[in-house]
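Feature annotations, courtesy of TrEMBL:
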- 6-22: transmembrane segment (TRANSMEM)
- 34-52: transmembrane segment (TRANSMEM)
- 64-86: transmembrane segment (TRANSMEM)
- 98-120: transmembrane segment (TRANSMEM)
- 126-148: transmembrane segment (TRANSMEM)
- 169-187: transmembrane segment (TRANSMEM)
- 193-213: transmembrane segment (TRANSMEM)
- 220-243: transmembrane segment (TRANSMEM)
- 249-272: transmembrane segment (TRANSMEM)
- 284-309: transmembrane segment (TRANSMEM)
Amino acid sequence: MLAIFLKTVPFFLLIGLGYLAGRWRWMSADAVVALTRFVFYFALSAMLFQFASSIPLTEIFEPGFVAAYVLGTGAVYVLVTAVALMRGTGRAQAAIEAQCGVVGNVGFLGLPMLVILLGPQAAGPMLMVLSVDLLLFGSLVVIAISMARGGDGSALAVVGRGLVRNPMVMSMAAGLTWGAVGVELPVPAGEFLTLLGAAATPCALFTIGASLAEKSAERVSVALWLSFAKLVLHPLAVAVLALGVFGVAAFPAGVMVAAAAMPVAGNVYIIAQHYGVAPARASSAILVSTVLAVASLSAVIALVAGPGWPPMGSGGGM
């Protein structure tokens with residue numbers, strides 16, 4: 001546990017450095033937005049293209065893996081929604097809370113962290129998790145808010161346009177297509193993507209911290225519950241299904257569990273702010289879950305990377 005914690009410390013130190021830069025106004029809000037756009041549209045897209053183009057589709061898409069992640073995530077989504085509705089929360093607000101409970105910072109934090117800590121073979125499972133989050137659960141919240149407001153089928157058009165304009169979706173699709181064609185990238189192009197993609201990890205972590213400086217912890221009890229759902233219930237649910245039901249192999253199951261243990265993604269706040277639905281609640285969940293993840297995420301990674309994984313009696317093999 002201590003060894004893994006020490007390996008995760010540099011990642012969280014970069015987040016902390018970004019937080020201080022934002023809190024002490026060394027970086028303006030506009031500068032944070034600009035750096036985030038650089039990561040989102042350029043650096044992370046280059047990294048995703050390289051991963052997707054170098055991994056066979058059969059190593060990314062595995063039906064049991066997808067089923068375990070979708071059903072486990074869906075179970076937590078339903079639970080968080082039900083708890084929100086029982087508290088008297090409106091349906092649109094409940095959709096945002098459910099998003100906080102299941103959508104983690106897989107792109108900016110999870111992908112670079114787990115590829116470094118668990119090895120490059122973690123890229124395939126991570127791309128599958130990211131695809132499900134973007135295509136399924138990222139779309140679900142837009143549809144749920146639209147339905148709660150009595151909207152029509154235009155929500156599907158909004159979702160479609162959003163996916164087509166999302167550089168992460170497009171870069172993964174382009175990478176998979178290039179890999180399927182089987183043509184080697186020219187050396188200068190490959191080195192260009194490597195150089196650009198190398199900027200993704202430090203810049204992404206820095207922007208996570210800088211963006212947290214603008215957030216506040218309101219309604220802490222709700223934020224703690226949503227953080228518990230995201231950091232504990234989500235990885236637990238996918239672990240039970242991956243190992244106990246679908247027999248996912250130990251390594252991809254471990255990557256899935258670690259990905260599910262990521263803190264709440266920053267884009268949940270962006271969606272909440274865009275639709276004017278519980279942005280303060282989303283902000284609090286992001287802040288609290290990221291702080292708690294310093295310990296919880298280290299523990300989960302230590303578990304899945306350790307000799308005791310998978311737990312005795314589980315169905316996952318190597």
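Placement of Cβ uses the backbone N, Cα and C atoms for every residue, glycine included.
Pairs of Cβ atoms less than 8 Å apart link the transmembrane segment (126-148) most often to 64-86, out of 64-86, 169-187, 220-243.
Annotation: stretch 249-272 has the most Cβ pairs under 8 Å to the transmembrane segment (284-309), among 64-86, 169-187, 249-272. Looking at 34-52, 64-86, 169-187, 220-243, 249-272, the range that has the most CB pairs within less than 8 A of the transmembrane segment (193-213) turns out to be 34-52. Three or more CB pairs closer than 8 A are found between the transmembrane segment (220-243) and the transmembrane segment (249-272), so contact between the two stretches is assigned (pairs 6 or more residues apart). Counting residues 6+ beyond its ends, the transmembrane segment (64-86) has Cβ neighbours under 8 Å at 93-95, 97-98, 100-102, 125, 128-129, 132, 136-137, 140, 225-226, 229, 233-234, 237-242, 245-248, 252-253, 256, 260 in the same chain. Most Cβ pairs under 8 Å with the transmembrane segment (98-120) belong to 249-272, among the candidate stretches 34-52, 169-187, 249-272. Residues of the same chain lying 6 or more positions beyond the ends of the transmembrane segment (249-272) and with a Cβ under 8 Å from any Cβ of it are 62, 65, 68-69, 72-73, 96, 99-100, 103-110, 114, 118, 121-122, 124-126, 129, 133, 138, 141-142, 208, 211, 215, 226-227, 230-231, 234-235, 237-239, 242-243, 278-279, 281-283, 285-286, 289-290, 292-293, 296-297, 300-301, 303-305, 309-310, 316-318. Proximity of distant same-chain residues to the transmembrane segment (169-187), defined by a Cβ-Cβ separation under 8 Å and at least 6 residues beyond the stretch ends, is recorded for 44-46, 48-57, 60, 127, 130-131, 134-135, 163, 193.
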